[in-house]
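Since the structure comes first, as structure tokens, the remarks are kept for the end.
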Amino acid sequence: NDMASLSSYESIYATCGTQHSDSTPLLHRTDGSGLHGNRVAPLPQAPSNRVTDPRSPTQKLRRSQPMHIQAVRRLQEEELQVRPASLPAIPNPFPELCSPSGSPVLSPGSLPQPSDSHSQTNSNAPFSRTLAKNPLPCDLLKVCNIALRSYLLTFCVCLQQIIKVFSEDGVGKVVEVPADMTARDVCQFLVYKNHCLDDNCWSLVEHHSLLGLERCLEDHELVVPVQACMSPESKFLFRKNYAKYEFFRNPLNFFPEQMVAWCQETNGSIPQSRLLQNFLNSSSCPEIQGFLYMKETGRKSWKKLYMFLRRSGLYYSTKGMSKEPRHLQLLSDLEESNVFTVTTGRKMHNAPTDYQFCIKPSKGRTEQKELKMLCAEDEQSRTCWMTAFRLLKFGILLYQNYKSPHQRKTAISNFTTPVRSVSENSLVAMDFSGRTGRVIDSPVEAQSAAMEEGHTWRKRSQRMNVLGSPSPLHPSPLSSVIHRTQLWFHGRIMREESHRMIMQQGQVDGLFLLRDSQSNPKAFVLTLCHHQKIKHFQILPFEEDSQVFFSLDDGFTKFTDLIHLVEFYQLNRGILPCKLKHPCTMVAF
């Protein structure tokens, strides 16, 4: 029986030896319970047929017995020898955890192999004994923890970017932005979170406090690349901008005929659709021309030059108003630059006028000497240059951004004439004196109806005040303070501050705000923008029958509170140059 069993064992070991001839030796556990590693040894040829007791301590090595190896270092060297060369090496972020003879590079061959349960359990035994002999200090564990956190943080940053957006009152909000998130997506998210009215007028503003520059990001621009080029002192602002797409509604107000080159070659006025079509069509060659002041590099002096804005870039003539190619010098490229508004005023740069703008490179962080500081003669000229810069750079993308809220981002085949907004078309004078209402077409009749409506409101307020008391002798204290809850009322701000707010939110017709008067404590001031000019109208209080009224026309049309006054002039122009359309608001996070 012993001989038969020995013969069967020899045949099994011979088979294993032929299959694993290139493997490392198989180890015998010191406790006699089984195998120690997952490698098998090549068995020597042993023709001996003598049977002995393997448990005898004096017995010599037989070919049917595994070889006993105790050295751990030899195991590690043999594992390194059999490492697959075709698999890439993985850098080990924690080389301190390896044994002295180990490598700071983790390879697939050194990782645990999916073998049987005994080999998986015992494969970590050398490493466990190494840790038991050389325990890790606390400082090393702290270093490993910090390194692991840095690796995880780097991985998370690759997936999400963190930006901070500030409101106009200086409060910031942190927003997680993926790599493909546009400026419109960020604005819609902030509108939703702050319960604002989404009227397609919100903008994300890139503000550089040290340079004194800012611009509104286009709706299709990605936020993450823009933030990568910003300095640590720069930030994003969230505010309204009514002039973002106003040039699609009233293009003739933004592009004077004397500044557009192809307008001078035609007779008569140019239709609005043709004017914008030439800017949006890449095959056409519109050109903006005129005089601009340019700040000389490294100096505070300014030089007046005749400039041309084309699709290829911004040029200035070195010889008067000449358009010859040999007299034109390239100042800036449109593709690699962005146009900014200067917010620091004319004193900082010693500018000749208040209508400054700047062309800044869009790639990388820009120093002061790389800026192209320009200055226009008036606000209309500056708006024309900046709007033409955007149109020539982005082209049809701006029109798609303008139409996408209405068309749900459908494809635009051909350019059509922009349609007036629904709110403007619905604001018409109506007569409801008969059985059915009718639209008043005559301007004279509409003016008289507006005045009659104002008197009707005054009589109605005399019969019943805001609190519901039918006596006019006890005026309501609520009527004198209820306007302070409205978004268009800004309290005691200076005249210059009202100008700044109107300019930041776009100088469009009908943009207005109300504030306390600085000269008369009991009066108020209506600040209104019309034809890119800011005008101020004083609202005076009048007392009649022991009740206070407010009026813009020296008491001819009176209102019980400012809310009635604003609602009336939103429907009727009255003595104002235009109706009140867009309230100048400030958002607080």
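Even glycines carry a Cβ here, placed using N, Cα and C.
Unlike curated records, TrEMBL annotations are generated automatically.
Residues annotated as region 'Disordered' in TrEMBL: 18-66, 98-128. Taken from TrEMBL, the feature compositional bias 'Polar residues' applies to 46-59, 116-127. Marked as compositional bias 'Low complexity' by TrEMBL: 99-115. Positions annotated as domain 'Ras-associating' by TrEMBL: 159-243. The annotation domain 'PH' is assigned in TrEMBL to 285-394. According to TrEMBL, the feature domain 'SH2' maps to 488-584.
Averaged over the domain 'SH2' (488-584), the predicted model has a pLDDT of 91.
Remark: secondary structure over the domain 'Ras-associating' (159-243) totals 18 helix, 33 strand, 34 coil, with classes taken from DSSP.
As a summary of secondary structure, the domain 'SH2' (488-584) carries 20 helix, 35 strand, 42 coil according to DSSP.
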